[in-house]
Structures are given as structure tokens and as C-alpha cells.
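Grabbed the feature section from TrEMBL, which reads as follows:
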- A:26-65: domain 'Ribosomal RNA small subunit methyltransferase E PUA-like' (DOMAIN)
- A:82-240: domain 'Ribosomal RNA small subunit methyltransferase E methyltransferase' (DOMAIN)
């Protein structure tokens, strides 16, 4: 008794365009979340992410289908992560993609490009990308990241291979000599940008693997165990985070 | 037309005690899987894992509630992975634990120790460990690993901390100076054994963190983003795999 109650963390909301000293109108989803999930009232303090590297304090001004929030002072700012990590992710079943997008947001990936290749069997639903985008946005709020995770595609493997960057790696289970670790050692410690490509269920065809090699990808192995497609994707993100961000 | 049909990979079954030249009786679960999921017939060729580092070819001899299999030649053998990686995993909700145990099997972890600590709220069901063991066994069959993944606990954090090993690391979000990468560089490249401890939802209390430090754990951070408990656990396994097995 008498001890200070631990201060509860303020809830974060997405507010693109927020500027201190002005007010901002939350979109219907964020407004719903504020009013009906978090049950906040007028006058409550919250945090606002402008998705351009800033976190502001805010105060709820008027509830409604769209909530008005007064934007107060800057709490935190962040430059975009360097290097820019781009993850090429095969179409997998929706639950796996959704999970992986959440992890990509947590682990500092800048952009996910969904792709399909010869052995892809999953058909993307019409709302796949918007749904993944929503999951990524929720993940930002949870992990405190200040820049959005972009989600592109789905596009064919051939067009993903055109992505402009000096450093491209692809995990390929038939590669036996070059490990991911050895390949990482060949890359400067602070490249501008890096493309990591994770393989599809059933793997790449030999033609696809040699096509990627021609396009400048380093083919790397992840050891002698067979990893599931979702394991390999998560593995690449974790290792890239350790290697470039720690 | 005319091209050779690609040979379908033989299905793997668990057969502890299998010895070439003898026959072995599969347990009811494996027998069910063979007959009713894989729909194999008498005479079919399969692969057998003895869970002691050997993969044998086998031939189905007699179907039934328990299937008899003739054990043929050795196909592959493997020494246990070195270093021995032990992962201390907090009690999380069942789906997350099940996922993480599957990944631990794929990524060469030797043993998972489930633990509970001050802020643990999840109550383990009575069949948690057997169920996780079954999931791990299925994962072995899929990824081709030849040694089992042991699952211990749940036990209190204090008793897990007594685990005998020279090298112990714990991911602690309040640690600000030592990163996991720097800590790994302090460890010999081929230690005998390593204990990785992943934090619970809500984190360790400051008392727990200093207790672990007294017990010889290096406290390490995983960057400035807040990772969910399941993300951090997977991250530790992936990074340990890269660092010690690639």
C-alpha cells in the first residue's frame, strides 16, 4: 500500500499525417479500437504513430465513428533502418503469411515482396495484401516500430529477380557448398540494401535456381536439415537482424 | 511422356529398437498413420528412424493395429549434434509452444526445458509434455533429423538455472549494453553445451534477472524493438543454428 502503481503503457494508434499542435482524425478501424476495445474516454492520453518515424503523445478530443485526437509533443523519433532489408516471400497458406508478416515487422524488415514460382499451388485471395498490411500495422503498434512495413506483390519470381540491389541471397536446399553464414561474411557490414529470398514449399526447380544465379543471387544453404518454408523465412529474418542490426 | 516419373520420397516412421535383419513392431499411432493416412500396403518400402542416429530402409510385412516391418539396410547415420543446444522456453499458450517445439526439432536443438517464472500466467494442461513430444516426433520425420528432441519440465526458473553448463545466455529486454552477437563472440566456436534462455510474456522481474546473472548467465539484448515471447525464442534458435551449425 502506498507504493506507486506501475504506470500502464499508453496505447498506440496509427495516425498518418499527425503534426504536433494540430488535431488528427483517426480512421474508422483505429477509432473502433480506441473506443470499443481499449474503452478510452475523451481526455485520455494515447500515443500516435505517423508512420514516418515519429511517435507523438496525443489526447482524445472527441469520440465518434472517427475519433478526433489532439496531437501533443514528440515522444520518440527514428531514422529508417539501415540496411534496407527486403524479403522475398513465397505464397504460403494465409496463416503462415500472416504470422511471417507480423515477424517481419518485429524484426525490422523494410519490405516484403510476395512471389509465386513454378511449384506454387496456393492461390492468393483477393484481399490478401490488404489483410497482411493490416496485420503488419497492428504489429508496428505492438513492437514500437516507427516506420511501416511495405508489402508488394504477389508477382512472378522472374520479376522479383529484377529488384535492384547489389546483394541478393536465396536459400536453396540443393546448394551444398556455400552456407548462409559464409555468404554473409562476403557482404560489407553496412550495405545500403539487401534482398533475401526464401524458397517456396516444394523448393525451386533447378531452372529457377540457375535463373536466380544468373540474376546475381548467391545461392546459400541453411544446413543439412530440411526446413519447412515458413521456418526458412523466419530464419532468414532472424539471422539478418542479428547480422546487420545488432 | 516417356520421361521417368520423379521418385516419390519414402515415408518415415518411428521405430525405436529397429535392427537391420530383424523385424520391428510399430506402435499404434505409427501403424495407424502407415495404414490409414499413407495408405501403404504389405510389401511397401518405408524409412525407419531408430531415434539413435540411424535411418534404415524397411518393408511392410503385416498390417494390423500394430504393423510389422522388416528392417533392411542402413540408409543414413548421424552423430548427435555438437554443441548440445538446450533451450529454456517459458510456458506460453499451447499453440505457440507446439510451433516452437516443431521449430526446435528442425533447428537442431537437443533439449527444450519448459519453465515458469514470476509473471507466468499460462497453466500447463496435464498432457502438455506428451503432446509436445508427439509434435516433436512428427517434426523429426518431416525434417529428417535422426536424434530425438527431449522435452523437460515444466520446472521453476530457479531449478532451470542450476543446469550444468559453462555457457548460459538469457535474452533480457532491459539489458542495454551486451547484444546477443557480442555475447556469442565471447563463446568458443565449439563449446560442448550451451543453454539459451528465452524470456516469458511480460518479461523477467528485475530480481529474476539479477538471480540469473548470479547463476552465471550472460544477459543479452536482441535489439531495440520489443519482440514477442515466441519471436524471441525462435530468434535464439535460428541464430544459434547459424552460429554453431553452419
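Glycine too: its Cβ is placed from the backbone N, Cα and C atoms.
Those TrEMBL annotations? Automatic predictions, nothing curated.
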May I ask for the residues of the chain that lie six or more residues beyond the domain 'Ribosomal RNA small subunit methyltransferase E PUA-like' (A:26-65) and have a Cβ under 8 Å from a Cβ within it?
10-18, 20, 71-80, 134, 140-141, 144, 146-148
Would you mind splitting the domain 'Ribosomal RNA small subunit methyltransferase E PUA-like' (A:26-65) into helix, strand and coil residue counts from DSSP?
10 helix, 14 strand, 16 coil
For the domain 'Ribosomal RNA small subunit methyltransferase E methyltransferase' (A:82-240), report the average pLDDT of the model, please.
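So the average pLDDT across the domain 'Ribosomal RNA small subunit methyltransferase E methyltransferase' (A:82-240) works out to 93.
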